[in-house]
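Annotated features, as they stand in TrEMBL:
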COMPBIAS  43-52  compositional bias 'Basic and acidic residues'
DOMAIN    60-153  domain 'CS'
DOMAIN    138-215  domain 'SGS'
REGION    33-52  region 'Disordered'
Amino acid sequence: QLQKDLEEVKELLTKATRKRVCDVLVAEKHKLEMEIKNQPPPKPKDTAEEEKSSLGGYTVKINNYGWDQSDKFVKIYISLNGVQKLPAENVQVNFTERSFDLLVKNLNGKNYTMTFNNLLKPISVEGSSRKVKTDTVLVMCKKKREEKWDCLTQVEKESKEKEKAAYDTADPSEGLMNILKKMYAEGDDEMKRTINKAWVESREKQYKGDIPMDL
């Protein structure tokens, strides 16, 4: 744009006859030349496109993963097609003693994130790392103590304990009822029909005196 302005000023200079007009145009020409000289050099197209691409796209939250453990590590497996083709710096994991954040930048035009807070037990930040394999990121959390983890996070543990408490009631029939309610709520239409049928048959037997009423 500046170059075009300069060319137009030069053209006007060739046509100008009044001294005052010429002086203004000469001053403007000098100003434009200095601005052009001080401009940063244009970026190569590839670099500019690459930067635009890494900042562009949108961020996807990762919810699917698999995990297992050894005596020393808890290992989280995240499937991402083509992740092995990215530069190493595009796959970042930040660890704290009870959490980690994964960020995968510019994979097929998208950024991917995953956060785990309130890990079940403390981990060693220095001993933890990540590995990039074919279509997979492996996050390795180094255990501070070599002991078995029942789940990954404190939230999962509390959820399991609440569920267990709901079934471990003093009244066995109440515990069974809770299980049936859960199966009914989570089941498909076929499951619901089966439970309904069993329930109706059970009530009919009670009324006929086939089974004791307290069951």
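Glycine too: its Cβ is placed from the backbone N, Cα and C atoms.
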Message: Looking only at the domain 'CS' (60-153), how are its residues distributed among DSSP helix, strand and coil?
response: 6 helix, 56 strand, 32 coil
Statement: Mean pLDDT across the domain 'SGS' (138-215) comes out at 75
